[in-house]
Amino acid sequence: MTQDRPSASVREWSIGARGRDTGAQDDDALPVPAGVGQTPGQVAGEWRTDNPDPRPAAGGEEPAGGRQLAGIGSLVLESGDSLPGVVIAYETWGRPNAARDNAVLICHALTGDAHVVGPAGPGQPTPGWWDGLIGPGRSVDPADWYVVAANVLGGCQGSTGPSSPAPDGKAWGSRFPAITVRDQVAAEAALSTRLGIDRWAAVIGGSMGGMRALEWLLLYPERVATSVVLASTGYATAEQIAWCAPQLAAIEEDPAWQGGDYYGTGTAPTSGLGIARQIAHITYRSEYELASRFGRKPQGDGRFAVESYLDHHATKLVNRFDAGSYAVLTRAMNSHDIGRDRGGLRQALENLTGRLVIAAVDSDRLYPARLSAELVEARPDAGPLHLIKSPYGHDGFLIELEQVGALIADTLGS
């Protein structure tokens, strides 16, 4: 297996046990039943309401994780445009202590949401995407930490996005403005203020969530003690943008896209979204894993097993995610560059005042370890590059829970 080996000092995490594989169950290569996944999943505009005072009191019983919604008002975007009536969906675990210095923010990746842990249920189409990380006796124990996870601005699980109603009552659709990772962090900062959190003990994120964890330290250095950046990058590379281009084309060339204004029409660009997911999923796994798991195994219907595997993941996403959000968030990731208007990446990192912890997956071909090494080399006091050993590629930060959990627990405890 070809791997990018960073030149910076590296600390390897090589614990063998793994957490729940969010996309690699034994039935992944089963044929997809006809007609499955032809309707869009539940999206924000259909059920959201505001929670007028989301701030929890210190002490008391631990609340169960469950979606809450907070209005943060109008948000001035990096472009200069203003997005009115923004709502952010979030979940919490644990309670803030008396000093309110035990808050941890979890930032999800592209198609994640605020449901980090917990079962599927009403309004929650899937189990938590990091089940096993948060809980009694686990890496992030709610007895010690007040954990918050927010659905990102532009998303489709409660936060304002293209499926949400604009001031005229109709879905934003094509009118939803272009947003950046910095805009997403600004929305999370406004939520923090609503929650009464002046400073995060840690902001933790992987992939797109890692982009936000980086921007948190740069935009709001006084509000973050530590950022943990997993399987991410300081800027979107040409190859990453190139991988996104056919995904966006697949969605926007689907006749059901209707220029982005398909909401309320009874149809949605599910075919295009499914193809986009298939393209993306190839980049999320390693060549070694696909070869060792599927090889040239036939499916029995004239197709290869790996093709059915991609169909399966396309169907899973189509049933829970909105194509409009996928397009908006993909373009936000393409905009990511911590060096923009800051004198470049090195200058931006030299000005950091908070603590930065960086980890990469050794088999990640989408966000190769060399990109994480660039961050470490530009910020030597960030410590070594923590290397997660995994055959799974980029998704290793979701799958290798014991390694990731050990790193997070070590970071929070130091």
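Every residue, even glycine, has its Cβ placed from backbone N, Cα and C.
The DSSP secondary structure for S207 (active site, nucleophile) is coil. Non-local contacts of S207 (active site, nucleophile) by the CB criterion (under 8 A, 6+ apart in sequence, same chain) comprise A109, L110, L230, A231, S232, Y367, H394, F397. Summarising the annotation, TrEMBL assigns active site, nucleophile to S207.
Marked as active site by TrEMBL: D364 (among others). DSSP assigns D364 (active site) to coil in the three-state reduction, outside any helix or strand.
Classification of H394 (active site) by DSSP places it within a helix. Cβ neighbours within 10 Å of H394 (active site), excluding its own Cβ and spanning all shown chains: 27. Annotation comment: TrEMBL describes H394 (among others) as active site.
The substrate binding site annotation in TrEMBL covers R277, D395. Residue density at D395 (substrate binding site): 27 other Cβ atoms are found within 10 A of its Cβ, drawing on all protein chains shown.
Taken from TrEMBL, the feature compositional bias 'Low complexity' applies to 56-67.
The annotation domain 'AB hydrolase-1' is assigned in TrEMBL to 102-398.
Here TrEMBL flags 1-67 as region 'Disordered'.
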Other CB atoms within 10 A, centred on D364 (active site): 28
R277 (substrate binding site) CB neighbourhood, other CB atoms within 10 A: 25
Inter-residue C-alpha distance, R277 (substrate binding site) and D364 (active site) (nearest angstrom): 17
